[in-house]
Amino acid sequence: MLCAIAEDGGQLPVGGWPDAAAPEPLSSAWRALLEAGQGVSVDDILLAPLIAGGRLAGFLRLEGGAGREAAVEPLADALANALLRLAGEAERQALRDRLARTAGERDQAAQRLESFAAIGDQWFWEIDADLRHVFSAESQVARAIFDGMDLAGKTIEELALAFGCDPFDRQWRAIRRTLAMQEPFDGFTFVLRDRRGGEHHLSVSGRPVFDAEGLFAGYRGVGASITDRMHREGAARATANRFEATLNALPDLLIEADHMGRYTRIYSDAGSAARLHDSDCLGRSFDEALPPEIAATFTEAMRIIERSGRAESLRYRSGDVWHELSGARRVPEAAEDAPGFVFLVRDVTADERQKERLRLLGKIVELMTNLATVVDAEQRVVWVNPAFEAHTGYRLDEIRGLPIAELTQGEDADPAALARMVEAVDRGEDCRVELLNRDKAGRPYWVDLNIHPLRGEAGEMLGYVSVATVITEHKQALADLEAAQQRMARIVEGAEVGTWEWMAGDDRLTVDSRWCEMLGYALVELAAPTLDWILTRIHPDDLPAVLDTRETARGNDGLALAEFRMRHREGHWIWILSRGRITRWGPDGRAESVAGVNIDISERKALEQRVVAARNFFFNAMENSIAAITVLNAKGQMVFANSEAERILGLPRSELLGRDHASPKWQLTTFEGFPVEDAASPLHLAVTTGEPVRAIRHGIVLPDGSRRILSVNAVPMQEEGELQVLCSFTDITDQLETLGQIRAALSHAEEASRSKSLFLANMSHEIRTPLNGVLGMAELLDNSLSEPRQKLMIRTIRNSGETLLSILNNILDMSKIEAGKFGLENVPFNPADLARQVEAVYAMKAEEKGLQFEVLVGLGGDAARMGDPHRILQILHNLLSNAVKFTDKGQVTMRLTCRPGKPLAVEVSDTGIGMTEEQAARVFDSFDQADGSVTRRFGGTGLGMSIVRQLVLLMGGEIAVSSRLGEGTKVQVSLPLPAAEQEVAPSVAPPAGAEPGFAGRRLLIADDSATNRLVLKEMLADTGAEVTLVEDGRQALAAWTGAAFDLLLLDISMPVMDGLTALKQIREQEALRGSAPVPAVAVTANAMAHQVADYIIGGFDTHLAKPFRRNELLHAISTLLRRP
């Protein structure tokens, strides 16, 4: 469009395009230019001054873009001429100058135009009258599309082909048609392709060009690249299409409305909302298109939007359908347009129904008796129903937010169930467990708990809902049922019965494990045996009776009972008691269901057989008994009599049975021969007392006049409710005669035993008394001699005396062992002390024979043990004595070990003469040695090893001998002696050469033997004691009465008054005086254990057996004198 620019800068339209109607009124200058019709260049137009009324009114400016040259060029000359005519001469000269300057400026403007075109996004082109291309201005578009292409002289069709287009498509045909009509055109768009295949969108406008004669000279035009715009518009259209498709695809309805609330657009015609808001609503207001209550909702939404800019979640109902309305302002497309509204309508019928269901469910949950709980993701209480509050005692307001586990789970909850629940909750899975919970008061209750996770729309964990059914009573019922079932199972198991069941139409039985076990099978092996299988296992002899039970059950109230044998898996037969009952009858009267039990009665059957056998056995035993046996009823009549009763009573059984016990065929008397009254008879006593009568002796006079003595027993018993008496009697006539003979022999034997004991005691006393004198004087003499030959002789005397004493002791010990009167002490002792004692004795004897002698005490030898140290010392003496005696060269060794927890072990080995196997086998026999030559060579009685063996056995130990003739002997002894609870204080030997001194002490000695008195006097001669010697107990009593003594040494066997009597009278007088009892020692040759015990009981403080050594005497005296 051409516009005039006023001097003040304002715009005045002065005309339009030639093909458009010119606006009116036109200015006179513009009209003159139009009328002139001469060509005017673009630059002229751009620079031409506009003169109106003889003065400069402004300049012309070309508005618009493409086609401006075509619009103004024909006007250039006319414009110049018009300007010249309007101006005066002076003005003409000025104007010529101006035009000259303008021409230069126009050239510069042309250059500027070319520069702008080169850098602009428009393409200037020109074609001639033949529609061939003649000119293209340089530009970015031209370089991008035509670079390297020669377009000069090309026709429209050739240009189309050069640009990769179809010259005959719709757009190119329209261009050719327009050009042929020599008409201007604007905004033709088409797609070109450059040489590289790139696609370009162009918008082309053109104007026809005519020469001065008005002939068509071609077209000039401008083209602009709209590729980017087309891409943007395409993307925008695609986005808009997608957006609209999305809106149309939404299940929700999108409504656009103007500011008056009139429908302008509706997206999506699907769903229930579309039926209400259809296309007929467009252009109508909500009030016009909708029911009043729904229109009111939309009106309310518009008010909310106008107030706050947004409305949300307004719900309305249309019949059975619920919709939710949300809205916001709609931004207008043009600034001058008023803002409207956009609404989103969603079908929330399902939501409302769900809410209704939830409301109903909530009401149900509140009313139901189950305990309902809702917890959050951290398992904290969110909500509980009234039933939970009522049952647990917790109120919702006091437990909200607390961990549910702390409120309900008790310490006695099942850990396995808790673990399953925790694992399921951690995985977010459903879970069902049974738990033992506790209420607020701590009372337990069982629940069947169902837990379901609650998730959000995105799947996130919101919490859990749990419904618990209180099953405490159910659990108790189950426990009671289980207890009942267990009781029943125990009853069944205790009864050891196997159960079975048969159903009509089934060829198999259902059995339990016990039924199978009876036959040697496991349940998995024989779960459902067939009837045929069972029948083949029944003993052929029993099968008919079993089959008959089918019929007998019909007439026996459906109960069937049978005893039969079945083959066990291992092949033997077992007895079965089968008891079954028809539990259901069919319409036809046949059994449809039968159940029963099987009992293994093999043991009962075996017992029956044993009972029969026992009955036969007892009958045979009674029949063949050496005692007469009869059975009498309460009337005294015989109902049974065996063969021995026939023999003793002298009547056959046929006459005995039914006969009264007081039959005239015989006469019952007492043992002495007097008649027996009925009340004193064994039958009457057993019946009246109800107790057995045993070993009553009666005489019986038989029909032949002979009298026998019977030992009668009577026992009352019940036989099938009837009182009977079992009588057994034996003829003891001959036994009594034999018993008299035995008693006479026994009396003689007892007298002989007493004589033996008396002889041994007397022998011991008579030998010990002179032996005491021999050994005592020998000991005293040994201490006073110094000449070797005399020492040897006195030592021989002492050894002979010691040997005689040893023989005497062995004989007495063996006598006591044989009589069973040998006793052992049980006191703590130190085994090592015993070893040291024997070592001191036998080391000297071994040295005298030139033998190596060694005593070895192992670990634990000093640990105290419990036992009889005197007898153990006797064992060691005997073993070492034999070893030294029977060894002429080599060595003798004793090893003693006493390991903790182990027996005391003693081993004595030598390199002596040894023994053969036969001799070693007899080594423990009494009065036996290897052979006579040994006795002659070494001496001895042969009792030593026998006594050792007896002592070892009495101590519960073991002894073993191994020997080789000519090589030596080894004896091993093991004694299981327990450890002592406290250690034994080690014995302290008196200093060498030191003897106790009794200076100032008065001793009274009574002994009927002058030799013994002399021995005692000499043994005490150097002790400083004042000794008084008397010959019997009476003299001792008289001496004690006349003076005070510190110690009494009394012999026991003395004439006039023995030592026991004397001490008794002394003790009585001490008691009368109130004085302390004087210590007393029984110095006697009576050394048997029972004799010593009598002396201690009789008041003696200790016992000193003759013969005794001086140190023994001094030790006994010093011990008593030191005692407080």
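Every residue gets a Cβ built from N, Cα and C, even glycine.
Copied over from TrEMBL, here are the features:
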DOMAIN    357-428  domain 'PAS'
DOMAIN    429-483  domain 'PAC'
DOMAIN    560-613  domain 'PAC'
DOMAIN    614-659  domain 'PAS'
DOMAIN    762-979  domain 'Histidine kinase'
DOMAIN    1002-1121  domain 'Response regulatory'
MOD_RES   Asp1051  4-aspartylphosphate
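For the domain 'Histidine kinase' (762-979), the partner stretch with the highest count of Cβ pairs under 8 angstroms, out of 357-428, 429-483, 560-613, 614-659, 1002-1121, is 1002-1121. Cβ contacts within 10 Å of Asp1051 (4-aspartylphosphate), excluding its own Cβ and spanning all protein chains shown: 27. For the domain 'PAS' (357-428), the number of residues in each DSSP class (helix H, G, I; strand E, B; coil) is 40 helix, 13 strand, 19 coil.
Across the domain 'PAS' (614-659), the model assigns an average pLDDT of 85.
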